[in-house]
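Engineer: Here's a structure for you.
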Amino acid sequence: MGSFLTMQSYKRYVLVVIIFSLVGNISSSVTHYSIPEEMKEGSVVANLATDLSLDVKTLNQRKMRLDIIANKKYLDVNKETGELYIVEKIDREYICNTKSSASCYLRLEIILENPVRIFNIEVEILDTNDNAPQFRRDVIHLDISEATPKGERFSLSNAVDPDVGTNSVKTYHLSESDHFNIEVQTGRDGSKIAELILTKTLDREQQSVHNLILTAVDGGTPARSGTASVIVRVLDTNDNAPAFDQVSYNIKIMENSPIGSLVIHLNATDLDEGSNSDITYSYSLYTSEKTQETFNLNPSTGEITVKGMLNYEDFKIYNMEVIATDKGANSLSGQCTIKILVEDMNDNHPEISIKSFQSPVNENIELDTVIAVVSVSDKDSGDNGVVDLHIPDNMPFKLRESSDNYYELVVSEPLDREKVPEYDITFTVTDRGSPPLSDNETMTLELLDVNDNVPQFPLSFYTIRVMENNAPGALLSSLTAFDPDLHENQYLVYFILEKEIANTSMSMLFSINPENGNLYALKTFDYEIEKEFLFHIEARDSGSPPLSSNVTVHIIIVDQNDNAPVIVSPWRAHGSVVEEKIPRSTDKGSLVSKVIALDTDSVHNSRITYQFLQVTDATLFSLDQYNGEIRTMRMFSYRDPRHQRLVVIAKDNGDPALSATVTIKLSTMETAVKAYSDMTEVPLEYDIFSDLNLYLVIGLGSVSFLLLITILVTIVLKCQKPKPSKAAPPCRNSVISERNSTIADSTLVSNDAYWYSLFLAETRKGKLVVRQPVPKGSRYIVSSIPRGTGLTDTSDSAASTLQVRVQSTHLFILIFSRHWVTCPITLSVSFRCYGHSV
C-alpha cells in the first residue's frame, strides 16, 4: 500500500469516524505489541479477543476487520479465534528505511459493527542482525609515495549496515602488514570510520604493491562481517643510482677485426622505474682521444664497437672509462673501467702445389703405386706456420710423407671401376694457428676398364610357359644379361647350347637373337606329344679374353582344350546307336549301363561330366554326372514303353568346353536274364547276344572253328600261368569277367589324376570295363593279354588319340551259337602295369 492512504481506505476511514462520533463509542486507547522482524508466515502475534475483552463467538457477526495504516497488509485477524497472525514476512529495513529513529512501528485499526467500535493497535518491529556490513566499493585503491614519512594517515571508505543499534557496524580489522595499521574513529552520527596509518617507510624497489584486507564487524550475536580489498601502489622516487654488472672489464680482440664488430655490450641497471631508470652511456674525461677514435660507444644501448682499424703491431692495449647516468629529476650515475687487449691473428693462408698427378689409370693397378706428388707451405711463423695435409676418409688412397713438406699419394686398396668409375681427390692443407687457416686443391682420377666381370643374368633359372598350338616364330621371352664392364668388354652375344632330344637339336626347336637375347619358338608345339624342354643359354662378352655365363631355361607347354572327349564305353561304330536289352523285372537302383569317356587333354580340360541330353522317361533313369553310371530310379511298369532312347553327352571342363554324345537304345525283355552284382573291386556287365542270322553263324563257325579253339586254349593256359615281365613288376590288380567274351589287346596312357587306368575286355558289342584310379603325378601304361600272342609290348610313344589306339587293337571274335553253348565260359585275365615318372 506504501506510506499513503488509498482513496478507498480514506473514504472508509472518514465514514467510520463519523459513525463513531455519532454513537460516541470510539475508543481512544492504543494497544502496543512488539515482535521481531523476519517471523515466519502464520506466526501468532497476540490474541486480540482476549486482550480487547471481546467475545470470540460474535466476531463474525460484528464483521470484524483489520486496517493497516500507511503500510502493506503484513498482519491479519483470525475471526474464529481472535488471534493476530503474520500474513507476510516482515523486513524491518524495508519498512523503516531511515535510521533517524531506532524504533519501527506498524499501526493497525480493529473495526467492529453492531455496535461500532474501533481499537488502535501499534506493533513494534524489533531489529535482528540479519544484515552484514557492506563497503560501498569492494576494492579501495591508494597511491602512496615511497618518500612518505611513517605516521601518515589515509582515509578509507566506511562500511554500512542496515541494522540498527548493536547490530550495526561496531569496529574494523586490517590484515597483517609490516607497513600499515588502522585506527577506528566514531562519527558525529555514531557511525564507525577507519583510518589507514603508515607505520613503516615504503621502498618501491623491495615491494611495489601492498594488498590489504579491511574487515567491518557489527555488534550482533552472532556477529556479521564484510570485507574490502585495499590495494596500495607505491610511487617511485629517484633513490637508486645505475650500476654495471662489473666494476672493470678485460676484453681480448683480434687484430684486423672489421669495422662495426661488437667489442662488448655494457649493461647498467637502475632499480627505479620510469624516467628514473632510463640510462645514457658516455665516456669519462679520463678516456683518451685515440681510444674514442678507435671504438664507438652507443649512448642508448651501451654497445662498444670497432670504429677504426686495429693493428697489433701499432697498438696493443686500450683503456677507457664509461659512465651510466639516469634521467631522474636529481640524476644519479655509476661508472666502470674497460681494458681492451689486441691479439695477433693468423692472417696468412697455407699454400698447396701439385707437382705430379697420373690420370687415368687401369682399375687393376697395383697397390702402393704412386699417383701424385704434392708440396705445401705457409708464410706465417710459429704454430701459424706449421701445416698438415690430408685427404678425405674412406678412399682407397693414403698420403706418405717423402721429405720436408712433400707428400706422395699411393694406392692403398684395390680399385674397381664398376663400383667407382672415378675419384675426386681433394687435398686439404691446414695450419695450426688459432683459428686455423686452410686451402684445398681437387684432382680427378679416372679409372680405365678391364674385362674382369662375367655377364650376369637376372635369374639363374628361367621357367617359361608356352601355350600349345603357338604360332611359329612367336617371341617366348627376353633373356637379357648384364655386364658392368665398358665398350667391347660389355658387348654380349647369346647362344643356345646344343642339346638333342629324340634326335632333335634344340636349335631346330628354338632360336635366340644373338644381340638382345630374345628367345623364339620355331615350331608349333602339341601338349599331348611334347610337354617340356630343358636347355641352357650362354651369354659371352667381346673382351680379351672373353668371359661368359649360362642360364637354365625350362620351357613348359601349357595344355589347351583342343581335344574333345571320346566315348569308349559303350563302344559303337561311328554314328551308330548302342542297343541294350534289360529285363522288365529289373529292380530299382540296378545298373543299366555305364558311359565312359576319355579326354587326352590335362588337368581341368580333361575333367568330364555326364548329362542326359535326351531321355524318353526322366523318372525312370538316373545318370551320375561323375562316373557315368545309368541306373533305374524305379521298377518298370506295364505302362512304360518297351523301347527307351537315352542320349548322353560327355562334356569336359575346358573353356570353351568340348563334348561327345552317345545314343543308347534300351529294349525291355520279359524273359529273366541272370544279373551280375555291381561289385566295388570288379565291375561286371551283362553281355546279351542279339539274334544273328543262323546261316551266317553256321558258315563262319565252320570256317574258323578250329582256329578259334586253338586261340582260346592258348589264352586260357597263359592266363593261368602268366610269365613275369622283365620290363616291370606285375600289377596287384586283376579283372575277372564272367561272360561269353573275347579278350582284346588295348593300351592306354594317362598322366592326370582325373584319368583312370583302363582294363578293356571287349565283347562283340564293344563293352569296356574300367577300374583303378591312377595316382596323381604318375604315368601308367596298362596292357591286356591278347589272344594267342602273349603279353603285348609297351612303348612310351602312345597314339595321340584314343581312336587310333582302338583301331590298332587286334580284335579276335569268337562266335558261339546259342544252340551249342549251354553255360558261360569263365576267363581270368591278369594285367601288368608299367609305371613311368612324368
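Backbone N, Cα and C atoms are what each Cβ position is placed from, and that goes for glycine too.
The following feature annotations were taken from TrEMBL:
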type: DOMAIN; residues: 27-135; note: domain 'Cadherin'
type: DOMAIN; residues: 136-244; note: domain 'Cadherin'
type: DOMAIN; residues: 245-352; note: domain 'Cadherin'
type: DOMAIN; residues: 353-457; note: domain 'Cadherin'
type: DOMAIN; residues: 458-567; note: domain 'Cadherin'
type: DOMAIN; residues: 582-685; note: domain 'Cadherin'
type: TRANSMEM; residues: 694-717; note: transmembrane segment
Engineer: Let me know the model's mean pLDDT on the domain 'Cadherin' (353-457).
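Structural biologist: In the predicted model, the domain 'Cadherin' (353-457) has a mean pLDDT of 89.
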Engineer: Counting each residue once, how many in the domain 'Cadherin' (136-244) are helix, strand and coil under DSSP?
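Structural biologist: Counts, helix then strand then coil: 3 helix, 55 strand, 51 coil.
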Engineer: What does DSSP give as the helix, strand and coil breakdown of the domain 'Cadherin' (27-135)?
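Structural biologist: Helix, strand, coil within the domain 'Cadherin' (27-135): 11 helix, 44 strand, 54 coil.
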Engineer: Can you break down the domain 'Cadherin' (582-685) into helix, strand and coil residue counts using DSSP?
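Structural biologist: Taking the domain 'Cadherin' (582-685) as a whole: 4 helix, 43 strand, 57 coil.
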